Every structure is written in structure tokens, then in C-alpha cells.
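The structure appears right after this line, and notes come after that.
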Amino acid sequence: MACPSLACCLLGLLALTSACYIQNCPLGGKRAVLDLDMRKCLPCGPGGKGRCFGPSICCADELGCFVGTAEALRCQEENYLPSPCQSGQKPCGSGGRCAATGICCSPDGCRTDPACDPESAFSER
């Protein structure tokens, strides 16, 4: 009598676990879900040509960066969205990303950075 009840308990526990069974495994295994690409940050600025880089920073290649202006107001909406986002092409500075030609932005602010200037990469030294 103890053996069937033990088997039922084990089957019940097995059903309640969040194991990755053959029929419901994500591609790449259980940990692959953590490696999903981040979404792009909200568009902002004139004509929606820019992307948010922080709660009050909007940057676009053609327009430069707007910090704390009306063009960057939409970026405050990012604080209320559940998933993280990422703007810019390549990393730069201390935790920032290239926002416009020669400008590196992080959520804290923007600064000039030669790593974000495509022409400085080809200039002679």
C-alpha cells in the first residue's frame, strides 16, 4: 500500500516541477530564453527619427541628441514598459552606446567619444 502512494506522490511532484520536457523545450534549451535579443527603444524626436537612450535623452544620427527637451518627453514612457530595450549600434564609454556621430550616450547622459566617429577610425595619426 505504501508503494502505490509513494509512486503517486512522486508523479505529482514531477508534474508540478518546471522541467524542460522534450515537447516544450525552447530552441537552445531552458537557458536560451535568457539570451533573447532586446527590443529597440521607443522612437522619439522630430518625425520619430530618433531613439530613446534614457528617460530624458533622444538621439538620431541626422539630428544629434536632445537632452531634457520636448523631443525627449516620449522617452519617459520607457520607465513603464516591462521589458528592457537597447538603442545604438556599438558599445562605447562606460556602459554607453554610440547614439550619433561622435556621441556616446548612456541613461545618465551623453559625451563625445571618438569611438563613435566613423571618420576618426580611418584618419591618419
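Glycine is treated like the rest: Cβ placed from N, Cα and C.
The disulfide bond annotation in Swiss-Prot covers C20-C25 (among others).
Neighbour density for C41 (disulfide bond): within 10 A of its CB lie 22 other CB atoms from the protein chains shown. In the three-state DSSP reading, C41 (disulfide bond) counts as coil. The disulfide bond annotation in Swiss-Prot covers C41-C85 (among others).
Neighbours of C44 (disulfide bond), defined as other CB atoms within 10 A of its CB across all chains, total 25. Marked as disulfide bond by Swiss-Prot on the basis of similarity to another entry: C44-C58 (among others).
For the recorded site, C75 (disulfide bond), the DSSP three-state label reads helix. For C75 (disulfide bond), the same-chain residues that are 6 or more apart in sequence and have a Cβ closer than 8 Å to its Cβ are C41, L42, C44, C52, F53, G54, P55, S56, I57, C58. Per Swiss-Prot, the feature disulfide bond maps to C52-C75 (among others).
Annotated disulfide bond per Swiss-Prot: C59-C65 (among others), in sequence order. In the three-state DSSP reading, C65 (disulfide bond) counts as strand.
Taken from Swiss-Prot, the feature disulfide bond covers C92-C104 (among others), and the record attributes it to similarity to another entry. Residue density at C92 (disulfide bond): 20 other Cβ atoms are found within 10 A of its Cβ, drawing on all protein chains shown.
Residues annotated as disulfide bond in Swiss-Prot, with similarity to another entry given as evidence: C98-C116 (among others). Residue density at C116 (disulfide bond): 24 other Cβ atoms are found within 10 A of its Cβ, drawing on all protein chains shown.
The C-beta environment of C110 (disulfide bond), restricted to residues of the same chain at least 6 apart in sequence and closer than 8 Å, consists of F53, I57, C59, C65, V67, G96, A99, I103, C104. Among the features that Swiss-Prot reports, disulfide bond is placed at C105-C110 (among others), with the record citing similarity to another entry.
The glycine amide annotation in Swiss-Prot covers G28, and the record cites similarity to another entry as its basis.
Residues annotated as signal peptide in Swiss-Prot, with similarity to another entry given as evidence: 1-19.
DSSP assigns C85 (disulfide bond) to a strand. Close to C105 (disulfide bond), meaning Cα to Cα within 10 A, are the following disulfide-bonded residues out of C85, C92, C98: C92, C98.
When each of the disulfide-bonded residues C98, C104, C105 is scored by how many other Cβ atoms sit within 10 Å of its Cβ, C98 comes out lowest. In the structure shown, the C-beta of C58 has more C-beta neighbours within 10 angstroms than that of any other entry among the disulfide-bonded residues C58, C59, C65, C85. Here C92 (disulfide bond) is positioned 7 angstrom away from C116 (disulfide bond), judged by their C-alpha atoms.
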